[in-house]
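Asker: There's a structure below that I have some questions on.
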């Protein structure tokens, strides 16, 4: 059920609509599942990690646009079946747009807010795409239809876009006036008499927004778009004027507000990421509290430009609608849930809307009378001659202001249109000129993260030589701005219908994913990246274009190409390759999303002389899994202080937060340079450490892990291993010598006679063993900087806290000699399964100057007075309460079992005595047996054979690991690939020979043991 549009007229509370979009390509590739369901105006979202956890919300309008649609001949998306649940653009406009328009025509201010994560469908709902027009163009069409239907005098004005990202030195300022409230000073207003003119102005605003975002090192998801339609109606008969504002707001991407919740950054998250969105949320929360009767001292309208401009829309003189768009995909669960919570708070807000009308004639008379009084006062001041100059100046300003108001009221609408005619003619001339040049010359066009802003800026490359960069003084220059753009960044040459690009020294230029430093000839649809992240698509001469569709070269395509050049890719996509692991796809898309942010962070660090480098890494969670399973991967950012040789590892969420804080510092630095003409901009760059987003206190860093498999302990076989400690990207960080030593309760190693053939013999018995970390060799961490140290950490079975070795500093090959004794008093099946299938994960931690050592926490850990750690302790906490009847039954059953075991034991003792006598007879009787020493038991021989086999398999496992890591170099030519194949073949032969030899030796030993057992059987029982 949808609320009727007419319901909006009777109440002034904020109306909230939610729209669910279809899966996009990224979500389909990742194999996403829909976690959102909708019944009437109620929406339910399910946690993909817990199917029992659901949250339900109820809104004024709910639109299901996820499925059940098709595309007709006109290109419109319509329901597959008549009366289906799919909500198309017309349905949304009928509910929301019509109500906003009716309110505006009645003289009320009206506001439409679009909120949601980047890519959730805000722009599609607000602007639309192709024939599927959104709310804004449909609203303009209906507005001018209403004007034509009612020929009473009505005026419509469009105010240019105001984006939060535009904070350059020349940015417009927001002022406050008692009657007008907050307004933008010096904003140009343009009269319009058709919806087509409004559309043209919106395109012009989009171009300005795109250019400003490029200059400010921002993208669309970090800027807001505010369109204000001013509707002025003059009713001549009643001498009344009604004036209303229609605010259409496309807010920045809301996922910038999300925090993982699993870590705390020393610098406050959220507010720095997007101050205006955070402030908007605070305003909405405060107003929602007021609506339910809570006492609120302060509503923070003044904390951001956005909330100042939206004051009337939220809790003020406006009738407001919010449309929240969200993705139904499981990988967007957190962002979608955050959007629903935000919208739920917004619907509680209550506004106080009034009709904005005033008697026109009376207003003119009052202004004229006031002007007469002002003139008289000025005359008296002029006669006295010695009165204050400031008072005279103030009176003249008031007089001028009143005269302008009278002129504006009395000026006819046709005169306003005549004044704007020259602007329109100039704009049409520019559009015509651009289209003509597109058919004559090659050009480059911008590619933006927001598809709506891609292709807006076109830079033409005419014949001759053209410098591209910050320079704009020369007639033969193409001016662009952005992070990493040099004064003279590169040179385009267009000669004989061939276009070349020559990078200048020190400038960064990438063509088709690869950095170039020499002249490169450009081909049609080549991809260019200038500076840190200015992306352009090269369009060749018209004769080269054909019917190519350049829309496939979107922002993701550029970043995927750059990632492939770094060795991060998913391979060629084809019709057959539809089974890519969704977790890998999610990590890949995270990687390409963060790549431009890392490039920008590195550029800002360079320009601010921070000496900090950022690099993305893919962390393999299997390295921390005791079973070694190939779990999901995640993206982390490695941060290195090149001067102090300090290293940090930031999570994805922490890096995104810090990136926005860096932008604040960088923009302040840029503003200081332009205003005060400083060369260094010290006050912005030299922040105190506690406020510097490029710095963090040093802390221990997880360098890598090694797996020491525990299977030999199940047979009480000692194990000595030489382990490779591997980093998150598979790099070798060190070699660790470790041992597993089965022992008795006092710590003495067990002998060969204690080796078990069947691990189940351990059940219910005591098991003691020692983990020995002997030495670590070839520490890459220490090799890079000698002032560092290392520690190893590990967690055994059910130990609640990790244990750490003592810290060792300044040593490339430290001797650890660390021994830990573990004991299980009654070995359980769970421990036995753990030993046979798992490994203890040995974590190598890097220490830096200034950070504290890692200390073992013994809280919750059981230890004996001799320092033995007790594991597999099934204490009373695990006991299941039973009643007395069940307990007595269990006791009786146990007593019966004890009696049966006693009987069996007596029989076994008797049989054992018979066997001992038979053995003595065999030893003492016959010539062949006299004086022969007692042969070792078959069990001990078999245990020794197993021990040899386990040791040989250690080298086999090491050879297998080398094979897995063996990869050809990215720059390998044909000869290099042949050498790689030869080396790979040699490694395969070695692996095969070692494996075959180990198995063959085991077979031979087992056969010999069986043969000897048969011989003994013949001797004993002849």
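Every residue gets a Cβ built from N, Cα and C, even glycine.
Unlike curated entries, TrEMBL annotations are predicted automatically.
Got these off TrEMBL a minute ago, pasting:
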type    : residues                               : note
DOMAIN  : 13-349                                 : domain 'Kinesin motor'
BINDING : 116, 117, 118, 119, 120, 121, 122, 123 : ATP binding site
COILED  : 891-918                                : coiled coil
Asker: Measure the Cβ-based neighbour count of residue 119 (ATP binding site), defined as the other Cβ atoms within 10 Å of its Cβ.
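Answerer: Counting Cβ neighbours of residue 119 (ATP binding site) within 10 Å gives 22.
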Asker: Other Cβ atoms within 10 Å is the metric here; tell me which of the binding-site residues 116, 121 scores highest.
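Answerer: Checking each of 116, 121, the winner is 116.
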Asker: Can you tell me how many other Cβ atoms are located within 10 Å of the Cβ belonging to residue 120 (ATP binding site)?
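Answerer: Other Cβ atoms within 10 Å of residue 120 (ATP binding site): 27.
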Asker: In the structure shown, which of the binding-site residues 117, 118, 123 has the fewest Cβ neighbours within 10 Å?
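Answerer: Per-residue Cβ counts within 10 Å for the binding-site residues 117, 118, 123 bottom out at 118.
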Asker: Mean pLDDT for the domain 'Kinesin motor' (13-349), rounded to an integer?
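Answerer: Here the predicted model's pLDDT, averaged over the domain 'Kinesin motor' (13-349), is 76.
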Asker: Can you count the other CB atoms that lie within 10 A of the CB of residue 122 (ATP binding site)?
Answerer: 30
